[in-house]
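Below is one structure, written out as structure tokens; comments come after it.
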Amino acid sequence: MGKKKVAIIGSGNIGTDLMIKVMRLSEVLEMGVMVGIDPASDGLARAARMGVATTHKGIDGLLAMPEFADVEIVFDATSAGAHKRNSELVLAAGKRMIDLTPAAIGPYVIPPVNGDKCLDALNVNMVTCGGQATIPIVAAVNRVAKVHYGEIIASIASKSAGPGTRANIDEFTETTSQAIMDVGGATRGKAIIILNPAEPPLIMRDTVYCLCEDADQEAIRQSIHDMVAEVQSYVPGYRLKQAVQFEHIGSNRPLQIPEMDGEYTGLKVSVFLEVEGAAHYLPSYAGNLDIMTSAAMKTAEKIAARMHEGATT
């Protein structure tokens, strides 16, 4: 199978990290164009040094480039607000779109959970970095015991959050909360993001709480460990910070949760994660970049394989 050419819209932290991954790691994707809006951005400068065609004129500049004709897949690493127009123009040109913003125009994709179910969609959404780290865990619990409520807290180093991430905090929480339900399988979902200003910057850490039906704890633990191994297959720095914790919530002391109707009794599962980045662009503390761009590249590679299958049948 020949390599599929890709373009990346957004020359910030996420876009630049993704570009480096495609060039260093992918056997089926090839960089075609890096697109930005700031001619002085480090991402565009780095792309040019690495021999990638660039434009600082945004989506309009991309459409005007002769290299765009050979591009088959476009990644959008801009912002939720910019994605709608970007998607419309890219799809109108007959290309596939992978959305790394919280815009969520297309279906949510979490590779180890539903990565094979959306390969024919013209636009797929990668949820958020926090979603990519935590929703696999919610799904792992849910496949053993029905999750009534899933809550995740994603803590990332402030230095790893560029202007696009900062502008999309509300969209981050809304999109992640919805994906906890739609992909993770929880009846209700809640997401919280923390930008940690600590110096030196701390590694990405995520906490997952699931309130679920009472079930075999060992089966839940094993399901979580199996899921962690699946994520590690494309994000080696993804790991459990400590042992999975369980707590029985009895009828004598039921939980009152604003997001849920009535009282809750059952099993509380607590999972603590950390994500160490591969340091392709920002240092290893930026695991939030690594899990997002790794998931996007894995999804693009699966889409490329599906496109190849379609072309040969």
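Here, residue 1 is simply the first one shown, and the rest follow in order.
The backbone N, Cα and C atoms fix where each Cβ goes, glycine too.
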### Query
For the NAD(+) site that Swiss-Prot assigns to S11, G12, N13, I14, S160, A161, G162, P163, G164, T165, R166, A167, N168, which of N252, N288 is also named?
N288
### Message
Among the binding-site residues S160, N168, which residue has the fewest other Cβ atoms within 10 Å of its own Cβ?
### Response
N168
### Message
I need the most crowded of these binding-site residues: G162, G164. Count other C-beta atoms within 10 angstroms of each C-beta and give me the top one.
### Response
G164
### Query
Cα distance, C129 (active site, acyl-thioester intermediate) to S160 (NAD(+) binding site), nearest Å?
11
#### Entry: In three-state DSSP terms, the structure that N13 (NAD(+) binding site) belongs to
helix
